[in-house]
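Listed in Swiss-Prot:
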- 145-276: 3',5'-cyclic AMP 1 binding site (BINDING)
- 277-398: 3',5'-cyclic AMP 2 binding site (BINDING)
- S105: phosphoserine (MOD_RES)
- 14-144: region 'Dimerization and phosphorylation' (REGION)
Amino acid sequence: MAFPTYRPVQCSKLTDHELLRIPHSPSLEPLDYCIEPISYLRRTVYDLHTTVANRSSSRALLHKQPPVMFKSPFGANANPFGGASDGATVGGNAMHQYNFSRRTSVSAESLKPSADTYDNWTPPVHDKTNEQLSRLKTAIAGNFLFSHLDDEQSAQILGALIEKPIPAKDIKVISQGDAGEYFYVVEKGSFDVYVNEKGTLQPGPEGMGEKVGTIQAGGSFGELALMYNAPRAATVISAEPGCTLWALDRLTFRRILMESTFLAAACTRTSSEKFPCCRHSHHMSAQKSPTRWKLRSTPLVRRLSRRETRVTRFTCSRWRGRCLPGEMARESVKHYSKGDFFGELALLNDAPRAASIVATTDVKVASLGKSAFQRLLGPVEGIMRRTKYDDIKTGVEEMDPLQV
């Protein structure tokens, strides 16, 4: 087959003016080059690709390399940053090592921390005897993960926990590298924690790695894998026979424990909108103060005495109360409702309480400790001192020593 002759195209509408050649016909005018059938261009590109492929095949035959053995990116000597593990792999195989050794993806179920995400989900309930409930409350009493829960959330946690007796010694409860499904609270006995530097449990007598700690009764473990959707970071085995654990499944843990933190912060942030320091000040400490508060439900403590220690400032979150200027006063001088606050005077002046606060309904307040109050709200002390109690008709001098 004879191919037509080629010459450079002198046409401003074609960008590849020196490299692109099309068949020449004496009968075509320069304008016709722009509307020449596209099949000639496709044929030219096809011939070019064929030539390059043939030359590459010939070059590969002349410089034949040994086959590259596949190396797992999850092995003991894998490099997560894509670098070569030794000098022999540096070269043509470096790109392959980089691609295979890239960091693996992290995925989990969607969990939007808001009040309307519960949908049709209900926490599981496992029946327990009164004796089991008593032991369980004692086991979680000092655990920091349960300290911020209200009564309703605590009841859900108590109902969802499952008792797991560990009858013998050296029983593996969790293994390093496995997927996390449960969070455990130790009621009785002790458990040893081992960490292998390779990241997973290895075979052999030394496969668990080095012992890094011991968890006694009242402690807990397994929360990191559930919070961060990561493999188990350690191996935990029973250190003595007759141990008892309480297990909480992953979904309940994330729904209750993690969302409760978000809801508590949202509640205190909403209540803080009425604070003078947070409403008028742009200071970063005042804006971050709601994250330091703790929600407290105190149905039994109905009175905050004027003689108590000045350690806490309370904010009304969901209740109604009345302020009494005297110890035996019968007439209230000020009423508090949702969003109001009290207790700042004693903290600003380091003085005794000037009044007694009596709750008329169930109390749910957000409290800020004295040290956090002085550290976070100290820069806005001037705004706090401008707060007046103008609606109080009696006992103003005794109640508000800041007024002059």
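Cβ atoms are placed via backbone N, Cα and C, with glycine included.
In the shown protein chains, 23 other C-beta atoms lie within 10 A of the C-beta of I357 (3',5'-cyclic AMP 2 binding site). Looking only at Cα atoms, A179 (3',5'-cyclic AMP 1 binding site) sits nearest to F373 among the binding-site residues F341, I357, F373. Rounded to a whole number, the distance between the Cα atoms of F373 (3',5'-cyclic AMP 2 binding site) and A247 (3',5'-cyclic AMP 1 binding site) is 37 Å. Looking only at the binding-site residues L145, I162, N196, G213, A230, the one with its C-alpha closest to F373 (3',5'-cyclic AMP 2 binding site) is L145. Around F373 (3',5'-cyclic AMP 2 binding site), taking its Cβ as the centre, 21 other Cβ atoms fall within 10 Å, counting all chains. The secondary structure of A179 (3',5'-cyclic AMP 1 binding site), as reduced to three states from DSSP, is coil rather than helix or strand. Taking the C-alpha atom of F341 (3',5'-cyclic AMP 2 binding site) as reference, the shortest distance to any of the binding-site residues L145, I162, G213, A230 belongs to L145. Of all the binding-site residues in the list I162, N196, A230, the shortest Cα-Cα distance to I357 (3',5'-cyclic AMP 2 binding site) is found for I162.
Non-local neighbourhood of L145 (3',5'-cyclic AMP 1 binding site): S220, E223, L257, each in the same chain, at least six residues away, with C-beta under 8 Å from its C-beta.
Counting only same-chain residues six or more apart in sequence, the Cβ atoms lying under 8 angstroms from the Cβ of I162 (3',5'-cyclic AMP 1 binding site) belong to H126, W246, A247, L248, D249.
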